[in-house]
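Everything on this sheet refers to the single structure shown next.
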Amino acid sequence: MRYCFLLPRVYLLLSVDWWLERLTSCSRILVRGLVQGVGFRPFVYRLAVSLGARGFVRNISGSSVEIWVEGIDAGLFVEELHRKKPWAVIINNVDVESVECRGYSSFFIEKSAETYHGPSMIPPDIAICDDCLREIEDTRDRRYRYPFNSCVKCGPRYSMMYSPLYDRENTSMRDFPLCSNCLSEYRDPANERRFHAQGISCPACGPRLWLTDEKGEALDTEDPIRTAAQLVREGYIVAVKGIGGFHIAADPFSDDVVLRLRERKRRPRKPFAVMAFNIEWANKLGVIDSEARELLLSPQRPIVLVPKRSGVMSEHVAPGLRHVGLFLPYSGIHYLLLKELGASIMTSGNPHGEAMVISNHEAITKLRGIADYFLLHNREIVNRVDDSVLRRTLDTYTFLRRGRGYAPMWLELRFKLRRKAVAVGADLQSAGAVGFDDKVILTQFIGDVDEPSNYSDLIKYIEFLASNYKLDIGEAVIVADRHPRYISRVAAQKLSEKHGSVIAEVQHHHAHLASVLAEIEGEDASAVGIAIDGIGYGDNGEIWGGEVMEFSFTGYRRTGSLWPIKLTGGDRDVVYPARVAYSLMLDCMGDEALDKALLIGLDKALPGGILELEVINRMRRAGRYIQASSMGRALDAASVVLGFSATRTYEGEPAMILEENSKEGGVRLEAEIRDSMVDVPSLLCELVDGLLRGLDKGELAYAYQYALGRALGQLADSYDYKYVVVSGGAAVNSIIVKGIRDALKDKKVVLPRYSPPGDGGIAVGQAIIGSLSME
């Protein structure tokens, strides 16, 4: 039966014209973001074919993908792009323009032109996806228990790349030619997961895994992963080669094992990260809120600091801390290993103070004596990438370390740099950066550059970025910290001599603040900022670290600070914070300081006891000290006064333990402001008096940190800006940041979103300041 609908003539004509217009419309769509190396082009191909579009998709410069669409409405296409995109794809911007039709008869993937040299976002390593996990669990699948399984949506990227164009021949997978089955999948447009997937393999053609003893002798085992898991259960320590480097796996539930690992790694108290098999296991070990859950399950799979559940793991995993770093398996190797174990310490595989090892030979040589066994594979790790670490600061999660899954960081500015720039960062927990056009690219976390392997990595990855982004270092300004004794300055000098570049010096805290301002404002922006950390070279030759500044990208003015602390022992003051506490007590108590120091046990926190306290007093009277307006030292002093931490065995330990043992209550302390400086000595003496009166230590700790933050906030609030930028290593301290926020009447606190607030993000600010300040 046929139906005939009579429609008004005008409406019928309009309808035909409307459809003809869309059937013959042609559009050029530019998609920017993380869209290269994450399966975006195959996805676009399948989407276009399903919608009946004609045209092509290809990678172009500027971290972009170009899509030419004919025969369908571009609006519908873009809507479907956003709705159905693969999980690792990040779309920052979509531009659509109408173009003259070319009359394509089909849709296809076009290779990037050979002349293509534009910058593209280097894809980070992506956690193994659920589809690949299902395959390695399926006894009928040819990839059953295959630990290197991957597809277009997941798997290693940056850690195995020689150049930023993510094609197999540019990665360490070029050593493993595809077998006929994998090649068939690669060429099949109907294969949604492996069509044009560059990193795929199978047991017939891919990398292989084996287990050795500490001498490097291979063990005779059919399943190296199951055997390795059994060894961990038996109390042995196993080095595991992963994606961006080696981990050390050990039983987190055994005091004996954890203490043995600490002894072997010469790591007395620094917390270990723990990998859990799945989110259910993570919930057994820590308290997982919705945001932490989202991060743990994300394609980046970072380590997330969460409140630990008491009595579950050995207390020696994270001694003195209420939080523990948890993460989930992000490769087939980790997944299969953790399926057997449920949970395992999974800490960086490195000798004390050195970089994480990445080669099999290096592992056997350097980790012998730490690990009893080695789980190895034969895929080369090209780029060393440590795990990323995030923690909650008030109502948001902040990077402590930006590495695997998030590196390299690509920051698009709201302005163009005046000159290409190469930034070498600072010395501790550092990273480097390159800047060009409207972009700054931050390397992965490098570490302390006074260690030779980290120093070499700093230069290696700066030159890697410069080479891949066609940045002539000879034309760039090389930017270094102003501190005259920083090792990173030696790296700057080496790059300058090699490439003939000019060097610019940037003040440490100015760079911290500029790194944050660059995330939210344009070239002409100015703001008031609070920079809080342990050390930075000040304009007056003193140590700064608790600064209030009015600043822009090209200049700054120090308008306030913490009261300078008299330091008499150099690095010894950092290791033994009782020296700092006693110096502060001398400032506000005078002759009474010694008696009160003995009452609270400061002498017992020093190797030299009371004699060392007396020496500190004599050195101060003789003028043999340096001054430091350092938040780090102010926090360390409170930590030792309250009995939380007598010595520092890792960076930030006393301050971390102080925050961890804090609790909000009825205790209130007030920090006075004199001559635009926060009176730290008087505040510490209030803390001592409160302790001697028997007030709760946790409440005193909270009140002290809050008072410091509030006083700095009051100093910043007197300037007419719409927000206060906060950065530096102590900017992750929730109590201090809350104090700052509460002191502001109508200003917003802005913390870094993309880079770590500590020295791991300082190179971003260095690059921008150096570029814009050079004529």
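Note that Cβ sites are derived from N, Cα and C of the backbone, with glycine treated the same way.
What TrEMBL says about a protein is an automatic prediction, not a curated fact.
What TrEMBL lists as domain 'Acylphosphatase-like' is 26-111. According to DSSP, the secondary structure content of the domain 'Acylphosphatase-like' (26-111) in residues is 23 helix, 35 strand, 28 coil.
Annotation comment: TrEMBL describes R41 (among others) as active site.
The active site annotation in TrEMBL covers N59 (among others). A 10 Å cutoff on Cβ-Cβ distances gives N59 (active site) a total of 24 other Cβ atoms nearby, all chains included.
For 222-405, the entry in TrEMBL reads domain 'YrdC-like'.
Cα to Cα, R41 (active site) and N59 (active site) are separated by 8 Å. Mean pLDDT for the domain 'YrdC-like' (222-405) in the predicted structure: 98. Using a 10 Å Cβ-Cβ cutoff, R41 (active site) registers 23 neighbours.
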